[in-house]
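Q: According to TrEMBL, the record shows the following:
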- 12-40: transmembrane segment (TRANSMEM)
- 52-73: transmembrane segment (TRANSMEM)
- 80-98: transmembrane segment (TRANSMEM)
- 104-125: transmembrane segment (TRANSMEM)
- 137-156: transmembrane segment (TRANSMEM)
- 162-183: transmembrane segment (TRANSMEM)
- 303-319: transmembrane segment (TRANSMEM)
- 339-358: transmembrane segment (TRANSMEM)
- 370-387: transmembrane segment (TRANSMEM)
- 393-417: transmembrane segment (TRANSMEM)
- 429-452: transmembrane segment (TRANSMEM)
- 464-484: transmembrane segment (TRANSMEM)
Amino acid sequence: MVFRKPPDGGWGWVIVVVSFFTQFLCYGSPLAVGVLYLEWLDAFGEGKGKTAWVGSLANGIGLLASPVCSICVSSFGARPVAIFSGFMVAGGLMMSSFAPNIYFLYVSYGIVVGLGCGLLYTATVTITCHYFDKRRGLALGLISTGSSVGLFIYAALQRELIDLYGLDGCLLIVGALSLNILACGSLMRPLEASDSPPPEKTCLDKVPDQYFVYHEKEKTVEENISILEKGYIDEKCANNMPDYKQDSILNKNVLSSINVNEKDTYKKKVVEQTNFCKQLAKRKWQLYVNYWEETVVLFKNKVFSALFVAILLFDIGGFPPSLLMEDVARSTNINEDDYHMPLISIIGIMTTVGKLTLGILADFKWVNTLYLYVTTLLMTGVALFAIPFAKSYLALAMLSGILGFLTGNWSIFPYVTTKTVGIEKLTHAYGILMFFAGLGNSLGPPIVGWFYDWTQEYDTAFYFSGFCVLLGGFLLLLAALPCWNACTSQSSKMPPNTYSYKVASSA
(Lines of atoms letter the chains of each structure in order from A; the text may use other names.)
(Lines give C-alpha, C1' and ligand atoms only; values in the text may rest on other atoms or scores of the structure.)
Protein backbone atom coordinates (compact mmCIF):
# COMPACT_ATOMS: atom_id res chain seq x y z
CA MET A 1 0.00 0.00 0.00
CA VAL A 2 1.42 3.39 -1.03
CA PHE A 3 0.38 6.21 1.27
CA ARG A 4 -0.01 9.82 0.27
CA LYS A 5 2.17 12.52 1.81
CA PRO A 6 1.56 13.05 5.56
CA PRO A 7 -0.86 15.99 5.93
CA ASP A 8 0.76 17.30 9.16
CA GLY A 9 -2.70 18.36 10.32
CA GLY A 10 -6.35 17.87 9.45
CA TRP A 11 -7.60 14.52 10.70
CA GLY A 12 -4.11 14.00 12.08
CA TRP A 13 -5.02 16.18 15.07
CA VAL A 14 -8.00 13.92 15.76
CA ILE A 15 -5.55 11.00 15.70
CA VAL A 16 -3.38 12.86 18.24
CA VAL A 17 -6.35 13.45 20.58
CA VAL A 18 -7.66 9.87 20.51
CA SER A 19 -4.12 8.47 20.80
CA PHE A 20 -3.60 10.68 23.85
CA PHE A 21 -6.73 9.33 25.55
CA THR A 22 -5.90 5.78 24.47
CA GLN A 23 -2.53 5.91 26.23
CA PHE A 24 -4.14 7.69 29.18
CA LEU A 25 -6.70 4.91 29.67
CA CYS A 26 -4.47 1.91 29.03
CA TYR A 27 -1.27 3.02 30.80
CA GLY A 28 -2.80 4.89 33.74
CA SER A 29 -3.07 1.86 36.01
CA PRO A 30 0.09 -0.05 34.93
CA LEU A 31 2.31 3.01 35.35
CA ALA A 32 0.71 3.87 38.71
CA VAL A 33 1.01 0.27 39.83
CA GLY A 34 3.22 1.41 42.71
CA VAL A 35 0.03 2.19 44.65
CA LEU A 36 -1.27 -1.33 44.01
CA TYR A 37 2.18 -2.77 44.73
CA LEU A 38 1.94 -1.75 48.40
CA GLU A 39 -1.50 -3.36 48.68
CA TRP A 40 -0.31 -6.59 47.06
CA LEU A 41 2.66 -6.75 49.45
CA ASP A 42 0.27 -6.63 52.40
CA ALA A 43 -2.40 -8.89 50.84
CA PHE A 44 -0.21 -11.80 49.68
CA GLY A 45 2.82 -11.44 51.98
CA GLU A 46 5.36 -12.22 49.25
CA GLY A 47 8.84 -10.71 48.90
CA LYS A 48 9.43 -7.36 47.22
CA GLY A 49 11.24 -8.88 44.26
CA LYS A 50 8.53 -11.48 43.68
CA THR A 51 5.70 -8.97 43.96
CA ALA A 52 7.47 -6.48 41.72
CA TRP A 53 7.12 -8.96 38.84
CA VAL A 54 3.44 -8.00 38.49
CA GLY A 55 4.11 -4.37 37.66
CA SER A 56 7.24 -5.09 35.66
CA LEU A 57 5.41 -7.63 33.48
CA ALA A 58 2.53 -5.22 32.91
CA ASN A 59 4.95 -2.58 31.64
CA GLY A 60 7.41 -4.92 29.96
CA ILE A 61 5.46 -7.72 28.29
CA GLY A 62 3.90 -5.42 25.70
CA LEU A 63 7.32 -4.12 24.75
CA LEU A 64 8.78 -7.62 24.69
CA ALA A 65 6.08 -8.54 22.19
CA SER A 66 6.70 -5.42 20.11
CA PRO A 67 7.82 -7.36 17.00
CA VAL A 68 4.52 -9.26 17.13
CA CYS A 69 2.62 -6.04 17.86
CA SER A 70 4.27 -4.38 14.87
CA ILE A 71 3.27 -7.25 12.60
CA CYS A 72 -0.32 -7.07 13.88
CA VAL A 73 -0.56 -3.32 13.24
CA SER A 74 1.09 -3.67 9.83
CA SER A 75 -1.20 -6.53 8.84
CA PHE A 76 -4.56 -5.39 10.22
CA GLY A 77 -4.20 -1.64 10.73
CA ALA A 78 -4.25 0.54 13.83
CA ARG A 79 -8.04 0.76 14.24
CA PRO A 80 -8.95 -2.95 14.58
CA VAL A 81 -5.88 -3.59 16.73
CA ALA A 82 -6.82 -0.73 19.08
CA ILE A 83 -10.40 -1.96 19.47
CA PHE A 84 -9.31 -5.54 20.15
CA SER A 85 -6.66 -4.38 22.63
CA GLY A 86 -9.22 -2.31 24.50
CA PHE A 87 -11.07 -5.50 25.39
CA MET A 88 -7.79 -7.08 26.55
CA VAL A 89 -6.87 -4.21 28.89
CA ALA A 90 -10.36 -3.90 30.39
CA GLY A 91 -10.74 -7.67 30.77
CA GLY A 92 -7.33 -8.11 32.37
CA LEU A 93 -7.96 -5.39 34.95
CA MET A 94 -11.35 -6.83 35.89
CA MET A 95 -9.94 -10.37 36.13
CA SER A 96 -7.24 -9.10 38.49
CA SER A 97 -9.88 -8.11 41.03
CA PHE A 98 -10.56 -11.85 41.56
CA ALA A 99 -6.88 -12.84 41.95
CA PRO A 100 -6.46 -15.47 44.71
CA ASN A 101 -2.64 -15.24 44.67
CA ILE A 102 0.31 -13.46 43.12
CA TYR A 103 0.65 -16.02 40.32
CA PHE A 104 -2.84 -15.25 39.03
CA LEU A 105 -1.82 -11.57 38.83
CA TYR A 106 1.20 -12.50 36.72
CA VAL A 107 -1.23 -13.65 34.01
CA SER A 108 -4.23 -11.34 34.40
CA TYR A 109 -2.46 -8.07 35.19
CA GLY A 110 1.05 -8.76 33.95
CA ILE A 111 0.50 -10.58 30.65
CA VAL A 112 -3.05 -9.75 29.52
CA VAL A 113 -2.99 -6.06 30.46
CA GLY A 114 0.64 -5.69 29.43
CA LEU A 115 0.12 -7.21 25.99
CA GLY A 116 -2.93 -5.04 25.40
CA CYS A 117 -0.94 -1.94 26.31
CA GLY A 118 1.86 -2.96 23.95
CA LEU A 119 -0.55 -3.35 21.04
CA LEU A 120 -2.15 0.02 21.78
CA TYR A 121 1.19 1.78 22.09
CA THR A 122 2.43 0.43 18.76
CA ALA A 123 -0.86 1.33 17.07
CA THR A 124 -0.89 4.93 18.33
CA VAL A 125 2.78 5.60 17.51
CA THR A 126 2.57 4.04 14.04
CA ILE A 127 -0.57 5.84 12.90
CA THR A 128 0.72 9.16 14.27
CA CYS A 129 3.99 8.82 12.33
CA HIS A 130 1.97 8.21 9.16
CA TYR A 131 -0.05 11.40 9.65
CA PHE A 132 2.87 13.69 10.59
CA ASP A 133 6.26 14.49 9.13
CA LYS A 134 7.43 18.05 9.87
CA ARG A 135 5.50 18.15 13.16
CA ARG A 136 6.18 14.55 14.10
CA GLY A 137 8.14 15.43 17.23
CA LEU A 138 5.32 17.60 18.56
CA ALA A 139 2.66 15.01 17.68
CA LEU A 140 4.57 12.17 19.36
CA GLY A 141 5.21 14.35 22.37
CA LEU A 142 1.51 15.14 22.72
CA ILE A 143 0.29 11.55 22.49
CA SER A 144 2.98 10.24 24.81
CA THR A 145 1.86 12.68 27.50
CA GLY A 146 -1.33 10.64 27.73
CA SER A 147 0.44 7.91 29.69
CA SER A 148 2.09 10.50 31.95
CA VAL A 149 -1.16 12.28 32.70
CA GLY A 150 -2.66 8.86 33.34
CA LEU A 151 0.12 8.11 35.82
CA PHE A 152 -0.50 11.42 37.62
CA ILE A 153 -4.29 10.97 37.86
CA TYR A 154 -4.43 7.21 38.40
CA ALA A 155 -1.94 7.33 41.28
CA ALA A 156 -4.35 9.48 43.30
CA LEU A 157 -7.48 7.87 41.83
CA GLN A 158 -6.47 4.30 42.68
CA ARG A 159 -5.49 5.29 46.21
CA GLU A 160 -8.89 6.94 46.70
CA LEU A 161 -10.76 3.99 45.19
CA ILE A 162 -8.88 1.58 47.45
CA ASP A 163 -9.91 3.59 50.51
CA LEU A 164 -13.55 3.63 49.38
CA TYR A 165 -14.11 0.23 47.75
CA GLY A 166 -11.05 -1.85 48.54
CA LEU A 167 -8.46 -3.28 46.16
CA ASP A 168 -10.95 -5.49 44.28
CA GLY A 169 -13.45 -2.68 43.75
CA CYS A 170 -10.67 -0.37 42.55
CA LEU A 171 -9.58 -2.80 39.84
CA LEU A 172 -13.17 -3.36 38.67
CA ILE A 173 -13.81 0.38 38.31
CA VAL A 174 -10.50 1.03 36.57
CA GLY A 175 -11.23 -1.84 34.18
CA ALA A 176 -14.63 -0.38 33.34
CA LEU A 177 -13.03 2.99 32.59
CA SER A 178 -10.66 1.26 30.15
CA LEU A 179 -13.59 0.27 27.92
CA ASN A 180 -13.53 3.84 26.62
CA ILE A 181 -10.52 2.74 24.56
CA LEU A 182 -13.01 1.16 22.13
CA ALA A 183 -14.47 4.58 21.28
CA CYS A 184 -10.99 6.05 20.81
CA GLY A 185 -9.88 3.20 18.57
CA SER A 186 -12.90 3.56 16.30
CA LEU A 187 -11.70 7.06 15.33
CA MET A 188 -8.25 5.92 14.17
CA ARG A 189 -9.02 6.25 10.48
CA PRO A 190 -6.08 5.04 8.35
CA LEU A 191 -4.30 7.48 6.05
CA GLU A 192 -5.80 7.38 2.57
CA ALA A 193 -3.80 5.80 -0.22
CA SER A 194 -2.17 8.01 -2.84
CA ASP A 195 -3.55 8.36 -6.35
CA SER A 196 -0.37 6.96 -7.91
CA PRO A 197 -0.72 3.44 -9.28
CA PRO A 198 0.63 0.72 -6.99
CA PRO A 199 3.79 -1.10 -8.08
CA GLU A 200 3.22 -4.11 -10.32
CA LYS A 201 3.04 -7.35 -8.42
CA THR A 202 5.79 -9.88 -8.88
CA CYS A 203 5.05 -13.41 -9.96
CA LEU A 204 5.45 -14.56 -6.37
CA ASP A 205 2.81 -12.09 -5.16
CA LYS A 206 0.34 -13.36 -7.75
CA VAL A 207 0.68 -17.01 -6.87
CA PRO A 208 -2.00 -17.27 -4.16
CA ASP A 209 -4.56 -15.44 -6.29
CA GLN A 210 -3.90 -17.80 -9.18
CA TYR A 211 -4.28 -20.93 -7.13
CA PHE A 212 -7.12 -19.91 -4.86
CA VAL A 213 -9.76 -20.38 -7.56
CA TYR A 214 -11.73 -23.38 -6.51
CA HIS A 215 -15.32 -22.65 -5.48
CA GLU A 216 -17.33 -25.83 -5.56
CA LYS A 217 -20.73 -24.14 -5.53
CA GLU A 218 -19.94 -21.45 -8.11
CA LYS A 219 -17.74 -22.99 -10.80
CA THR A 220 -17.81 -26.22 -12.71
CA VAL A 221 -14.82 -28.52 -12.82
CA GLU A 222 -14.05 -27.49 -16.41
CA GLU A 223 -13.99 -23.79 -15.48
CA ASN A 224 -11.64 -24.42 -12.59
CA ILE A 225 -9.23 -26.35 -14.81
CA SER A 226 -9.28 -23.55 -17.37
CA ILE A 227 -8.56 -20.86 -14.78
CA LEU A 228 -5.81 -22.91 -13.18
CA GLU A 229 -4.09 -23.54 -16.53
CA LYS A 230 -4.35 -19.82 -17.42
CA GLY A 231 -2.66 -18.99 -14.10
CA TYR A 232 0.23 -21.28 -14.98
CA ILE A 233 0.67 -19.66 -18.38
CA ASP A 234 0.66 -16.13 -16.90
CA GLU A 235 3.16 -17.20 -14.28
CA LYS A 236 5.50 -18.63 -16.89
CA CYS A 237 5.43 -15.43 -18.96
CA ALA A 238 5.87 -13.07 -16.02
CA ASN A 239 9.09 -14.50 -14.66
CA ASN A 240 11.52 -17.23 -15.70
CA MET A 241 11.75 -19.24 -12.52
CA PRO A 242 12.83 -22.88 -12.94
CA ASP A 243 10.75 -24.16 -10.01
CA TYR A 244 7.54 -22.60 -11.30
CA LYS A 245 8.24 -23.79 -14.87
CA GLN A 246 8.68 -27.36 -13.70
CA ASP A 247 5.56 -27.11 -11.53
CA SER A 248 3.59 -25.73 -14.49
CA ILE A 249 4.61 -28.52 -16.85
CA LEU A 250 4.02 -31.19 -14.23
CA ASN A 251 0.59 -29.92 -13.24
CA LYS A 252 -0.52 -29.50 -16.88
CA ASN A 253 0.34 -33.12 -17.50
CA VAL A 254 -1.52 -34.16 -14.38
CA LEU A 255 -4.59 -32.12 -15.22
CA SER A 256 -4.67 -33.24 -18.86
CA SER A 257 -4.67 -36.87 -17.76
CA ILE A 258 -7.75 -36.40 -15.57
CA ASN A 259 -11.12 -37.07 -17.11
CA VAL A 260 -13.69 -34.38 -16.51
CA ASN A 261 -16.22 -36.52 -14.74
CA GLU A 262 -18.04 -36.22 -11.49
CA LYS A 263 -16.02 -39.07 -10.02
CA ASP A 264 -12.77 -37.13 -10.64
CA THR A 265 -13.90 -33.91 -8.94
CA TYR A 266 -12.20 -34.77 -5.69
CA LYS A 267 -8.88 -35.53 -7.42
CA LYS A 268 -8.92 -32.17 -9.21
CA LYS A 269 -9.69 -30.42 -5.96
CA VAL A 270 -6.71 -32.11 -4.29
CA VAL A 271 -4.40 -31.04 -7.14
CA GLU A 272 -5.53 -27.42 -6.92
CA GLN A 273 -5.30 -27.19 -3.14
CA THR A 274 -1.91 -28.94 -3.09
CA ASN A 275 -0.44 -26.43 -5.53
CA PHE A 276 -1.99 -23.56 -3.62
CA CYS A 277 -0.48 -24.73 -0.31
CA LYS A 278 2.89 -25.38 -1.92
CA GLN A 279 3.22 -21.93 -3.44
CA LEU A 280 1.82 -20.21 -0.35
CA ALA A 281 4.39 -21.99 1.81
CA LYS A 282 7.17 -20.87 -0.53
CA ARG A 283 6.01 -17.26 -0.32
CA LYS A 284 5.70 -17.29 3.47
CA TRP A 285 9.13 -18.87 3.87
CA GLN A 286 10.67 -16.25 1.62
CA LEU A 287 8.93 -13.56 3.66
CA TYR A 288 10.46 -14.86 6.90
CA VAL A 289 13.91 -15.14 5.32
CA ASN A 290 13.73 -11.58 4.05
CA TYR A 291 12.52 -10.34 7.43
CA TRP A 292 15.62 -11.74 9.15
CA GLU A 293 17.86 -10.40 6.38
CA GLU A 294 16.43 -6.94 6.96
CA THR A 295 17.02 -7.35 10.71
CA VAL A 296 20.68 -8.18 10.07
CA VAL A 297 20.99 -5.07 7.90
CA LEU A 298 19.59 -2.94 10.71
CA PHE A 299 22.15 -4.21 13.20
CA LYS A 300 24.98 -3.39 10.80
CA ASN A 301 24.18 0.25 11.59
CA LYS A 302 26.31 0.81 14.68
CA VAL A 303 24.12 3.68 15.91
CA PHE A 304 21.11 1.37 15.85
CA SER A 305 23.10 -1.36 17.62
CA ALA A 306 24.16 1.08 20.34
CA LEU A 307 20.59 2.34 20.58
CA PHE A 308 19.21 -1.09 21.48
CA VAL A 309 21.88 -1.53 24.20
CA ALA A 310 21.11 1.94 25.58
CA ILE A 311 17.34 1.40 25.72
CA LEU A 312 17.83 -1.97 27.43
CA LEU A 313 20.10 -0.54 30.14
CA PHE A 314 17.97 2.58 30.52
CA ASP A 315 14.86 0.57 31.29
CA ILE A 316 16.67 -1.76 33.67
CA GLY A 317 17.83 1.22 35.71
CA GLY A 318 15.38 4.02 34.94
CA PHE A 319 12.03 2.27 35.24
CA PRO A 320 12.15 0.98 38.88
CA PRO A 321 11.69 4.42 40.54
CA SER A 322 8.24 4.85 38.97
CA LEU A 323 7.19 1.53 40.48
CA LEU A 324 9.07 1.48 43.78
CA MET A 325 9.40 5.13 44.85
CA GLU A 326 6.43 4.85 47.20
CA ASP A 327 8.06 1.91 48.95
CA VAL A 328 11.38 3.79 49.04
CA ALA A 329 9.65 6.57 50.96
CA ARG A 330 8.05 4.08 53.35
CA SER A 331 11.40 2.34 53.89
CA THR A 332 13.01 5.70 54.72
CA ASN A 333 10.45 6.18 57.52
CA ILE A 334 9.19 9.52 56.21
CA ASN A 335 6.52 11.11 58.38
CA GLU A 336 3.08 10.80 56.77
CA ASP A 337 2.30 14.40 57.74
CA ASP A 338 5.00 15.55 55.30
CA TYR A 339 3.53 13.40 52.55
CA HIS A 340 1.72 16.13 50.60
CA MET A 341 1.46 14.33 47.23
CA PRO A 342 2.23 10.78 46.07
CA LEU A 343 5.72 10.60 44.62
CA ILE A 344 4.35 8.63 41.69
CA SER A 345 2.03 11.55 40.88
CA ILE A 346 5.03 13.90 40.85
CA ILE A 347 6.82 11.57 38.45
CA GLY A 348 3.73 11.48 36.25
CA ILE A 349 3.17 15.23 35.99
CA MET A 350 6.85 15.96 35.38
CA THR A 351 7.00 13.22 32.75
CA THR A 352 4.20 15.07 30.96
CA VAL A 353 6.22 18.29 31.06
CA GLY A 354 9.32 16.45 29.88
CA LYS A 355 7.60 14.78 26.95
CA LEU A 356 6.13 18.05 25.72
CA THR A 357 9.36 19.99 26.16
CA LEU A 358 11.59 17.37 24.56
CA GLY A 359 9.07 16.75 21.78
CA ILE A 360 9.01 20.46 20.90
CA LEU A 361 12.82 20.67 21.03
CA ALA A 362 13.08 17.71 18.63
CA ASP A 363 11.28 19.71 15.93
CA PHE A 364 13.94 22.46 15.86
CA LYS A 365 16.42 21.95 13.04
CA TRP A 366 19.38 23.06 15.16
CA VAL A 367 18.71 20.33 17.74
CA ASN A 368 20.36 16.96 17.20
CA THR A 369 17.77 14.58 18.62
CA LEU A 370 20.28 11.79 19.23
CA TYR A 371 22.53 14.02 21.34
CA LEU A 372 19.44 15.27 23.16
CA TYR A 373 18.46 11.69 23.95
CA VAL A 374 21.99 10.85 25.15
CA THR A 375 21.93 13.88 27.44
CA THR A 376 18.74 12.66 29.11
CA LEU A 377 20.33 9.24 29.71
CA LEU A 378 23.42 10.68 31.38
CA MET A 379 21.38 13.00 33.60
CA THR A 380 19.08 10.12 34.58
CA GLY A 381 22.07 8.08 35.71
CA VAL A 382 23.28 10.91 37.94
CA ALA A 383 19.81 11.34 39.47
CA LEU A 384 19.61 7.62 40.28
CA PHE A 385 22.95 7.81 42.10
CA ALA A 386 21.49 10.59 44.26
CA ILE A 387 18.46 8.60 45.52
CA PRO A 388 20.33 6.83 48.37
CA PHE A 389 21.30 10.27 49.77
CA ALA A 390 17.68 11.51 49.88
CA LYS A 391 16.37 11.03 53.42
CA SER A 392 13.43 13.45 53.40
CA TYR A 393 10.18 13.81 51.50
CA LEU A 394 11.34 17.06 49.89
CA ALA A 395 14.52 15.49 48.57
CA LEU A 396 12.68 12.45 47.20
CA ALA A 397 10.04 14.73 45.64
CA MET A 398 12.72 16.77 43.86
CA LEU A 399 14.45 13.66 42.56
CA SER A 400 11.09 12.22 41.48
CA GLY A 401 10.41 15.38 39.49
CA ILE A 402 13.85 15.28 37.83
CA LEU A 403 13.52 11.60 36.97
CA GLY A 404 10.00 12.14 35.66
CA PHE A 405 11.12 14.98 33.39
CA LEU A 406 14.02 12.96 32.00
CA THR A 407 11.80 9.91 31.48
CA GLY A 408 9.94 12.14 29.03
CA ASN A 409 12.63 11.17 26.51
CA TRP A 410 10.17 8.44 25.46
CA SER A 411 8.49 11.10 23.31
CA ILE A 412 11.60 11.57 21.16
CA PHE A 413 12.62 7.91 21.00
CA PRO A 414 10.41 7.16 17.94
CA TYR A 415 11.83 10.34 16.40
CA VAL A 416 15.40 9.14 17.00
CA THR A 417 14.53 5.72 15.57
CA THR A 418 13.03 7.27 12.43
CA LYS A 419 16.11 9.43 11.86
CA THR A 420 18.36 6.42 12.35
CA VAL A 421 16.71 3.85 10.05
CA GLY A 422 14.23 5.87 7.92
CA ILE A 423 10.43 5.95 7.92
CA GLU A 424 10.24 2.88 5.67
CA LYS A 425 11.80 0.67 8.34
CA LEU A 426 10.30 2.40 11.36
CA THR A 427 7.78 -0.32 12.20
CA HIS A 428 10.36 -3.10 11.95
CA ALA A 429 13.15 -1.28 13.80
CA TYR A 430 10.85 0.14 16.46
CA GLY A 431 9.47 -3.30 17.20
CA ILE A 432 12.98 -4.65 17.78
CA LEU A 433 13.95 -1.75 20.05
CA MET A 434 10.75 -2.01 22.04
CA PHE A 435 11.48 -5.71 22.60
CA PHE A 436 14.70 -4.79 24.41
CA ALA A 437 12.94 -1.95 26.23
CA GLY A 438 10.37 -4.46 27.46
CA LEU A 439 13.13 -6.78 28.58
CA GLY A 440 14.59 -3.95 30.65
CA ASN A 441 11.19 -3.03 32.08
CA SER A 442 10.56 -6.64 33.05
CA LEU A 443 13.94 -7.15 34.75
CA GLY A 444 14.49 -3.75 36.41
CA PRO A 445 11.96 -3.72 39.29
CA PRO A 446 12.51 -7.38 40.31
CA ILE A 447 16.27 -6.81 40.36
CA VAL A 448 15.85 -3.76 42.62
CA GLY A 449 13.41 -5.72 44.79
CA TRP A 450 15.84 -8.63 45.09
CA PHE A 451 18.62 -6.22 46.08
CA TYR A 452 16.36 -5.01 48.90
CA ASP A 453 15.48 -8.56 49.97
CA TRP A 454 19.19 -9.38 50.19
CA THR A 455 20.48 -6.17 51.81
CA GLN A 456 17.32 -4.77 53.47
CA GLU A 457 18.03 -1.34 51.93
CA TYR A 458 17.69 0.30 48.49
CA ASP A 459 21.09 2.04 48.30
CA THR A 460 22.95 -0.75 46.47
CA ALA A 461 20.04 -1.26 44.11
CA PHE A 462 19.99 2.35 42.92
CA TYR A 463 23.78 2.47 42.56
CA PHE A 464 23.40 -0.47 40.22
CA SER A 465 20.53 1.25 38.37
CA GLY A 466 22.52 4.48 37.90
CA PHE A 467 25.52 2.55 36.58
CA CYS A 468 23.37 0.76 33.98
CA VAL A 469 21.88 3.99 32.65
CA LEU A 470 25.23 5.80 32.52
CA LEU A 471 26.84 2.87 30.70
CA GLY A 472 24.10 2.86 28.06
CA GLY A 473 24.38 6.61 27.57
CA PHE A 474 28.17 6.53 27.10
CA LEU A 475 27.99 3.64 24.63
CA LEU A 476 25.41 5.45 22.53
CA LEU A 477 27.45 8.66 22.64
CA LEU A 478 30.57 6.85 21.43
CA ALA A 479 28.65 5.25 18.55
CA ALA A 480 27.02 8.53 17.52
CA LEU A 481 29.91 10.98 17.63
CA PRO A 482 31.74 10.16 14.38
CA CYS A 483 28.94 9.08 12.06
CA TRP A 484 25.48 10.27 13.22
CA ASN A 485 24.86 12.47 10.15
CA ALA A 486 26.29 9.88 7.76
CA CYS A 487 24.20 7.04 9.17
CA THR A 488 20.96 8.99 9.16
CA SER A 489 21.46 10.34 5.64
CA GLN A 490 22.21 6.87 4.27
CA SER A 491 19.28 5.31 6.12
CA SER A 492 16.82 7.93 4.88
CA LYS A 493 17.88 7.36 1.28
CA MET A 494 17.51 3.58 1.39
CA PRO A 495 14.53 2.50 -0.71
CA PRO A 496 11.77 0.50 0.93
CA ASN A 497 12.04 -3.25 0.49
CA THR A 498 9.45 -5.11 -1.52
CA TYR A 499 9.02 -7.59 1.27
CA SER A 500 8.27 -5.03 4.00
CA TYR A 501 5.04 -5.53 5.84
CA LYS A 502 2.11 -3.62 4.39
CA VAL A 503 -0.17 -1.49 6.54
CA ALA A 504 -3.87 -2.10 6.09
CA SER A 505 -5.65 0.84 4.48
CA SER A 506 -8.97 0.26 6.16
CA ALA A 507 -10.50 -1.48 9.12
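Using N, Cα and C of the backbone, Cβ positions are placed for all residues, glycine too.
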Q: Considering pairs 6 or more residues apart, do the transmembrane segment (303-319) and the transmembrane segment (80-98) have at least three CB pairs under 8 Å?
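A: The answer is no, given that the two segments have fewer than 3 Cβ pairs within the 8 Å cut-off.
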Q: Would you mind listing the long-range same-chain contacts of the transmembrane segment (137-156), meaning Cβ under 8 Å and 6+ residues beyond its ends?
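A: Residues 12, 16, 19-29, 31-32, 34-35, 124-125, 128-129, 131, 174, 322, 342, 344-345, 347-349, 351-352, 354-356, 358-363, 369, 404, 408, 410-412, 414-415.
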Q: Can you tell me which parts of the same chain pack against the transmembrane segment (429-452), counting only residues 6+ beyond its ends and a CB-CB cutoff under 8 A?
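A: Beyond its ends, the transmembrane segment (429-452) has Cβ neighbours at 47-53, 55-57, 59-71, 118, 121-122, 125-126, 295, 298, 304, 307-309, 311-320, 323-324, 331, 413-414, 417, 420-421, 458, 460-462, 464-465.
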Q: With a cut-off of 8 Å between Cβ atoms, can you find at least three pairs linking the transmembrane segment (339-358) to the transmembrane segment (80-98)? Only pairs 6 or more residues apart in sequence count.
A: no
Q: Would you confirm whether the transmembrane segment (162-183) and the transmembrane segment (393-417) meet the contact rule of 3 or more C-beta pairs below 8 angstroms, pairs 6 or more apart in sequence?
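A: Per Cβ check, the transmembrane segment (162-183) does not touch the transmembrane segment (393-417).
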